[in-house]
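If you check Swiss-Prot, you get these features:
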BINDING   HIS53, HIS57, CYS124  Fe cation binding site
Amino acid sequence: MKKITSFTIDHTKLNPGIYVSRKDTFENVIFTTIDIRIKAPNIEPIIENAAIHTIEHIGATLLRNNEVWAEKIVYFGPMGCRTGFYLIIFGNYESKDLIDLISWLFSEIVNFSEPIPGASHKECGNYKEHNLDMAKYESSKYLQILNNIKEENLKYP
């Protein structure tokens, strides 16, 4: 079988950051998949389930309610390896184009004080597994990277 693109990235050299994972075109519409890498793979501890679940709920809600980006958001969700998230958006974007949006998103999560969106048994298949404090902690650590972003945090190795 042919390797998928994400498996061709050298994860031993991958830093936390914002990366264009791939671009796809369907019926003349470009979709850009963004790798929101929060942890250095196989070096830092992965994000615990309850925190990543909470970031997913808050993040998806905030992105789909963002006045500028809402109509461009296709998907926001966690990576199976639990080192970050994928964001799929309509349009042709580069990593640097998303710095402000992703910085805003994680800043909002750090300051989030409302009930976690979609965290009831009617709205979520695993509604009991959330941890807002850890979601804020992980988001705060990632913001430190975003606030000092370098080229090595924007292009795959």
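For all residues, glycine too, the Cβ spot is worked out from N, Cα and C.
According to DSSP, HIS57 (Fe cation binding site) is assigned to a helical segment. Taking the mean position of the Cβ atoms of HIS53, HIS57, CYS124 as the Fe cation site, the remaining residues of that chain whose Cβ falls within 8 Å of it are THR54, GLU56, ILE116, GLY118, ALA119, ASN126, TYR127, GLU129, HIS130.
Other Cβ atoms within 10 Å of the Cβ of CYS124 (Fe cation binding site), summed over all protein chains shown, number 16. DSSP assigns CYS124 (Fe cation binding site) to coil, not to a helix or a strand.
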